[in-house]
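A.B. asks: Grabbed the feature section from Swiss-Prot, which reads as follows:
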type	residues	note
COMPBIAS	1-25	compositional bias 'Basic and acidic residues'
REGION	1-62	region 'Disordered'
REPEAT	87-120	repeat 'TPR 1'
REPEAT	121-154	repeat 'TPR 2'
REPEAT	162-195	repeat 'TPR 3'
């Protein structure tokens, strides 16, 4: 273990351990922490990642269950010691507790995260996902519904808002509320952050639920064409081309697209 001034890889860069959380507040002369300055309509995000590059290749890069693992535990606890009311860190700590099987403590931390910042879509999504994973669909529906009230009124959805509403759309689709799910999918792809996951999920919905082969294919292609390419959605579109278009040549191109991509 290096000394306190040593540098370690963090978010793909060499960053001193003491600076791992961006813009950590420092106490003023009275011992109080100043208010964090935030751009208008843009909330600060203190989520700790292993690295931005690896996260971009995950199925859902804004889901805390995708970008968090136990190797981050010490960093998250350290962050909470300095900022005990930070919504991002509380949510991420809840995910860690869930991974350790401490579901009661996990829910307490996740609930506190959304109480501290009701506009934190990533925390709401983590809370909803946690309830799904612990087989509590009734409570999950309540949480997603409450989260929707905070995210839906926004004219433009950012990445976290889109990811939250996508999780909600998938959840209510599984519950059989097809019309409501379709409205959510449409909202995400028209007003949300453009991502392979949202485009692909809507494409699958159109293909498998609405039985619209042509329109479903359009969205699957859009998902596969996004850079950096998603292995999952390139493969899904390749399979679509083989199954519905009998186009082996194009299917092979998309199957190879990930390995040929140069950033």
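Placement of Cβ uses the backbone N, Cα and C atoms for every residue, glycine included.
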A.B. asks: Same chain only, please: residues at least 6 beyond the ends of the repeat 'TPR 2' (121-154) with a C-beta under 8 Å from a C-beta of the stretch. Say none if there are none.
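C.D. replies: For the repeat 'TPR 2' (121-154), the list is 45, 47, 62-65, 87-88, 90-92, 94-95, 98, 103, 106-107, 110-111, 113-114, 160-161, 163-165, 167-168, 171-172, 175, 187.
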A.B. asks: Grab the same-chain neighbours of the repeat 'TPR 1' (87-120) for me: Cβ-Cβ under 8 Å, and only residues 6 or more beyond its ends, written as numbers and ranges.
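C.D. replies: Contacts with the repeat 'TPR 1' (87-120): 43, 45-48, 64-65, 68-70, 72-73, 76-77, 79-80, 126-127, 130-131, 133-134, 143, 147, 150, 160.
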A.B. asks: Counting by DSSP secondary structure, give me helix, strand and coil numbers for the repeat 'TPR 2' (121-154).
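C.D. replies: Once the DSSP states are binned, the repeat 'TPR 2' (121-154) shows 28 helix, 0 strand, 6 coil.
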A.B. asks: In the repeat 'TPR 1' (87-120), how many residues does DSSP put in helix, strand and coil?
C.D. replies: 27 helix, 0 strand, 7 coil
A.B. asks: Near the repeat 'TPR 3' (162-195), which residues from the same chain, at least 6 beyond its ends, have a CB less than 8 A from one of its CBs?
C.D. replies: 60-63, 121-122, 124-125, 128-129, 132, 137, 140-141, 144, 147-148, 151-152, 155-156, 201-202, 205, 209-210, 219, 226
A.B. asks: Average pLDDT across the repeat 'TPR 3' (162-195)?
C.D. replies: 95
